[in-house]
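A.B. asks: Below are the features listed in TrEMBL for this protein:
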TRANSMEM  A:20-43  transmembrane segment
TRANSMEM  A:49-68  transmembrane segment
TRANSMEM  A:80-100  transmembrane segment
TRANSMEM  A:106-126  transmembrane segment
TRANSMEM  A:138-157  transmembrane segment
TRANSMEM  A:202-224  transmembrane segment
TRANSMEM  A:254-276  transmembrane segment
TRANSMEM  A:296-314  transmembrane segment
TRANSMEM  A:345-363  transmembrane segment
TRANSMEM  A:369-389  transmembrane segment
TRANSMEM  A:401-423  transmembrane segment
TRANSMEM  A:435-454  transmembrane segment
Amino acid sequence: MSSEPKKPKNSTLVEIKKVISNIGISRLIVALFFVFLLCMTAKQEVPGTISNVLTRIGMHGVLVLCMVPSIRSGLGPNFAVPFGILAGLLGGLIAVQFNMTGLGGFAVAVVCALIISFPMGLLFGYLMNRVKNSEMMVATYFGYAMVAIMCIGWLLLPFTNNAITWSMGKGLRNTINLEPYFGNALNNIGAITKSYNAGDTMMIPVGVLVIWLVVSIVLYWVFIRTRDIDLDNMKDEELAAYNKTRKERKKTGIISVALITVVCAVLAFADIGFLHGIRSALSVHITFKSNTSMEIPTGMLVFLVLCCFAMWLFNKSKTGISMAAAGSNPDCARASGININKQRMIGATMSIMLSAVGILVYAQSFGFLQLYNAPLNMCFPPIAAILIGGASIKQAKISHVLIGVVLFQGILTMGPTIAGRYLSGLGDGMDPTEIVRIIITNGIILYALTKAGGASSEE
Amino acid sequence: MGDAYVLQMKNIGKEYSGNPVLKGIDLKVKPGEIHALLGENGAGKSTLMNVLFGMPVIHNTGGYTGEICLDGEKVHISSPKHAMDLGIGMVHQEFMLIPGFAVYENLKLNREVTKPNAVSRVAGKSYESLDNGQMRADTKEALDKVGMDLDTDEMVGELPVGHMQFLEIAREIDKKGVRILVFDEPTAVLNETEASRLLESMKRLAGMGIAIIFITHRLQEVIDVCDTVTILRDGSLVTNCQVKDTDAVQLAEMMVGRNVSYSDISGRVDKFDDSDIVLEFRNFSVDMPGEQVKNIDLKVRRGEIIGIGGLAGQGKLGIPNGAMGLYPASGELLYEGKALPLNHTKKILEKGISFLSEDRKKIGLILSESIEDNMVFNAMQIKREYLFDFKLFSFRNNKKIAEFADQMIHEFDIRCVGRKQQVQNLSGGNQQKVCLAKALALNPKVLFVSEPTRGIDIGAKKLVLDKLKELSWNQGITIILVSSELMELRSICDRIVIVCGGKVADILSPREDDAKFGLAMAGTKAEKEAEKTS
Amino acid sequence: MKNNSKFAKAGSFAKKNIAAIIFILIAIICYSLSGMKPSYVIQQVLLRLGQNSFLVLALIIPIIAGMGLNFSITVGAMAAQIAIFFVTNWAYQTQSAVFSGFSGFLIALVMLIPLSLFFGFLAGKLLNKTKGQEMIAGMILGFFATGIYMFFFLIIIGTVIHIDNPFLIISGGVGVKNTFDITIASSLDNLFNRKLAVAGPYIMCLFILHFTRKINFKFFEGKKHGKLLSVIPFLAGAASMTAYMLAGEKPADFMIIFYYLGMAIAVLSIALSVYRIVKFKKEDLKISAVIAVAVCLAVIIFFQALEYVNPGSKAALDEIKAILKVRVPMSTYLAILGLCLFNTFILKTKIGQNLRTVGQSMSVATASGINVNKVRIYAIVLSTLFAGIGQLIYLQCIGSLQTYAAHNNIALYSVAALLVGGASVTKATNKQALFGIIIFHTILIVLPSAVGTVFEDAQNSEYFRAFMLYSVICFSLISYAVAAKKKKSKAADGPEQEKLPSEEQE
């Protein structure tokens, strides 16, 4: 449209503006809020907060990851997560029914969940292919309706284990304790526990972190960033020269970022005597008032990373590429001989299967399987998380999952601690972070919808 | 007074960011006159009409030069609303009708007759009740004027398509004080009886003293109903003349004629063997909206560049799109003598037939992906190349992809900052080069190329055309080149097929006379042949 | 042959109203399983009809404007709750009677109007930015607004706005209590209500006059002042019945004349219709109108019979007495009637025609010079306003305000009720709304007992209710999406527009 692009006077300012608009204003607010909370937490319960945040990241990570295939295949965020969760719950119940414990129990649960969720995913995919353009709304209510049906189902299913059924009366319990079965099965693998006694001091190398961040951003800005250049009005030699220097600059940039990372890592963590002074100067020192401990659920985090890696691999595969094509430009994909409906089916099925696995990861860490209406509450948070991470309802990457889950769960975990400190006047059991959760979750989804809506109204 | 013109457009000029698209156009219409406006696609007809209607697209791009006089009075038309107030009406090619509304509601859309009621006296005019009786009466009157007898309460969705055009006209007539009515290719979507009825009602309207500007490609219609004619070519005025002083051949010549720089194709013409057929269309029809193909028979010889030309909407785009299975096709398509599975894009691509789409942004490319990914996409999906192929699970082979992409970027001189740049950041010409590279990655034996130079700059145009020529001449790839620019076809093709009304109108040598091309494009020859056979 | 066409007509009538018919069957089955007393069910249904109708009717205009089911009516409900909170607060603080009862209701209404207009404007703006995804955006907007609303009531009140009122504020001084009693409880319902024995025949007679109006019109067609003549029975009947109603709880003896006069006109209307049916055959008669009249007639006869029949058994007699004593909140019903009339009226005006045009095709509307965005905002603003009033009516009926939960499910329940009545994402009428509420709430009322009979545990009825709610909405959305997809592939056959040269320039 704009035939004559205006030449901005202050290009740096314009570029910063562009970066902000690329990140998205609501996303930026959430990120700043995260940093704010981080700063507020710094002097408080650090070990507890760290283990809490890490645990919640691990718990929710796979559920967020399940958005990736659904968005990439063009279905938009999977609002039918509760539907997939039902399969996960069934898988978990089967493992409990046969008294499976530990990692084996978890594995059995996952396998059962995958088997059950596969036809469910196909059904969901079939439905989504019938309702193009209304996927999100239909998926939401489809999920709700299925959860409601399963509520009746939980009353009728023939499970016999006393841990699952009510001792008297019909139906299954509302929550099933997994502690005797596969509770914490993943968390416990290689879990790191570190205890601190009252009076111990802990150093957190905040300064090093800040230095690393600032230097990295500057290096990125100077060396790596792709600049806006006028490709068409450049002479050939100029372009060639530009491309050549660009490659070199990029190389320099990456090497220096790697270098500064190593230096900072050494500064922050390596136990070398003469660095202690610098490190201590650049750190925040915390003295614990009471005994406390830090637990890192290594197994669960590794599982999440493995899942992400598998998804990343899939995205690089032939099927993954054709699925993304079918999602981002169906017409083009069709012209390349790709069956769009099949790709959408694959995306839907993968998403449902992943959400089934996701709830099991969640449940083993949480310690309970929650039946009946509980899955309804699992619908929006994963969507909000991936959108905060930078995804839109048409594009999603693995990095969006990781960034999103860290930001979102970080805020949700740190929020109550902070709020508890400053807003103790509130009574009646209303949790102010609940408000924050509601506003962020729905605000970010609304923001994403307006961004996508603008595009669709132009068509 | 005999020469009291209702509309005079004098010396109209218009530029889009430096490119002149209209140069010194004059157009005069008397009341009660049917005036034909002729020209190829892109000749400037639409722009001229946009000027007349004061469309925002004109004012947002610097306005126009020259002057417009209505009844001898100079006016500056600032908006479509203003044009409407001045009594200039337009019958659109696409129907602005609502199927779920009754005939009278559609006719009075946003011009409803209302009468005040208790609420409207307080709350304002928009709360006035609809006067359905008056609206029905008005509708009846307007329909009578165009010679249409319809139930005013019938749902428009239940009417035959042919009636819609008449409703559009009736709507314009119903606007008070219409002096000038523009018909934009009204007969394109009508069958023969409907078209002749439409022409009749045009005559009837002209008889009522309304000046009519009639845009059409059918020369016979011009000869039949029009009094005067204006012909545009490449944004310039060719002539204003009386229809009775001319004939279809002359009109065709004036429409098409220009100096073509013929490329050197001598010595190649005889090389092709009429019996060595690569691709054969038999009774081939395509259901592509706006570009219908109807029972075409066509043989493509091995190694040639065959051009397919014709006006927009006549079906030339339907041929490649139908052959590739993008729009439902029927009939037979033989490749190397064997029937191809129709409507099955994948299998057709696997045979070594590749396609460069006319819509590069929507169909040709995935704009959000990188140059390299776009280039190898088809080859990866169809031929399983550029992959670490483990059959069940295959991953992209970054090294091979990079090699190919770098080679293509170099070969086509694609202006980019690297193969990982998103194609949406490239200019149109460079995007088209990526499309070409994408098609070539399949190592095709037959290549459909559709509008390869649409919307790209001259340098890229030349490179693309030269590359096509080279592919055919040096690598023996058979190319079917579809283009609405006749000059382009005549510069590189061995034969040119002109399509009209979804049928082959004529097959011509690029050296043939302008008039022959013009007549073929206007479908005159096809019509005459049809007359002979019947 | 004639029989055939009649059956075909009945068949197509059944096909069009398949949803409604299925739910009537469900209601009947559930009712017979529940074993509930008819007096209780009738009382509850009439009560809930008054409570919910306004909210459900508020959904109609956005549907006509093509914006689908307006899940963002939650926002209007919040406006009502804010108004009620302040009115209640002033009532406690000033101890003035102005802020309670019907005057309090009116003050809340006055407060509500600007609030809901503003909220509706914002919602409309947002929905204009999410064209094509209005429903999901409206739903999420409802949740989002809940967050803001909670922020206001939990944190702003007490920190920024200081309110010292132990009845409403949590003991710490910050935040509003979870529930409190409102001072305008039953203010509208109690303004004017009658027992069913009186109100029932009255309403039914009005219905008969309404349904026979068109037949009367046909009868007088062609005559001088035919239209006027045809309305006279309706007006006369309505006027005399209303005169009787307005004469007070125990009207003077002579007032009974008006009562019977109205009834006589209704009967006369029916006679005219019958005459017309016999004389002019049935072609132009709507089956639905005939059925409606028949039902109304049956109900009247039923009421009249109840008054005089002595059924022998004491229990049955008590039951009949109980039914006749059920109170009908006539004032609330009048408000609902007003909204129904408004919905009908607006569609017959210029702005209504604009709403319909935009609903049918945004592109055609734009091309014909209608400001589509403005019309859509107008639709949402109206809907939000009516939803606000609806929530006001709902809450005055409930009598207390659950500060953080009262608005949560109203969109869900209203939408479901509308769909049960046979409406769809693209089509809805007053009749469907009212009918839907009656059927839907009958099911909700009898469901716990019905489920209890089958499962021996009435607690599980909650799951059945949720299932019904979600599946009716889900099913409706699916059929809408499937139909839209079909329509789209059909519309693609239209002629393609020739590209302007300017677009090719780039």
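Just so you know, glycine gets a Cβ as well, placed from its N, Cα and C.
Unlike curated entries, TrEMBL annotations are predicted automatically.
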A.B. asks: In the same chain, who gets a Cβ under 8 Å from the transmembrane segment (A:80-100) while lying at least 6 residues past its ends?
C.D. replies: 63, 66, 106, 108-117, 120-121, 124, 139-140, 142-144, 146-147, 150, 157, 159-161, 163-164, 172, 176, 178, 181-182, 351-360, 363, 369-371, 375-376, 378-379, 382-383
A.B. asks: Considering only Cβ pairs within less than 8 angstroms, which of the stretches A:106-126, A:202-224, A:345-363, A:401-423, A:435-454 has the most against the transmembrane segment (A:254-276)?
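C.D. replies: Counting Cβ pairs under 8 Å, the winner is A:202-224.
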A.B. asks: Among A:20-43, A:106-126, A:296-314, A:369-389, A:435-454, which stretch has the highest count of C-beta pairs below 8 Å with the transmembrane segment (A:138-157)?
C.D. replies: A:369-389
A.B. asks: Answer with yes or no whether the transmembrane segment (A:345-363) touches the transmembrane segment (A:435-454) by the criterion of at least three Cβ pairs under 8 A, sequence separation 6 or more.
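C.D. replies: Judged by the Cβ rule, the two regions do not touch, with the required three close pairs absent.
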A.B. asks: Any chance you could find the range in A:345-363, A:369-389, A:401-423 with the most Cβ pairs under 8 Å to the transmembrane segment (A:296-314)?
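C.D. replies: If we count Cβ pairs closer than 8 Å to the transmembrane segment (A:296-314), A:345-363 scores highest.
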A.B. asks: Between the transmembrane segment (A:401-423) and the transmembrane segment (A:20-43), are there three or more C-beta pairs closer than 8 Å, counting only pairs 6 or more apart along the chain?
C.D. replies: yes
A.B. asks: So which residues does the transmembrane segment (A:20-43) touch in its own chain, when a touch means Cβ under 8 Å and the partner is 6 or more beyond its ends?
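C.D. replies: The answer is 49, 204, 206, 284, 286, 387-388, 390, 407-408, 410-411, 414-415, 417-418, 440, 443-444, 447, 451.
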A.B. asks: Counting only residues 6+ away from its ends, which parts of the chain sit with a Cβ under 8 Å from the transmembrane segment (A:106-126)?
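C.D. replies: Apart from its flanks, the transmembrane segment (A:106-126) reaches 80, 83-84, 86-88, 90-92, 94-95, 98, 100, 139, 142, 182, 185-186, 344-353, 355-357, 359-360, 364.
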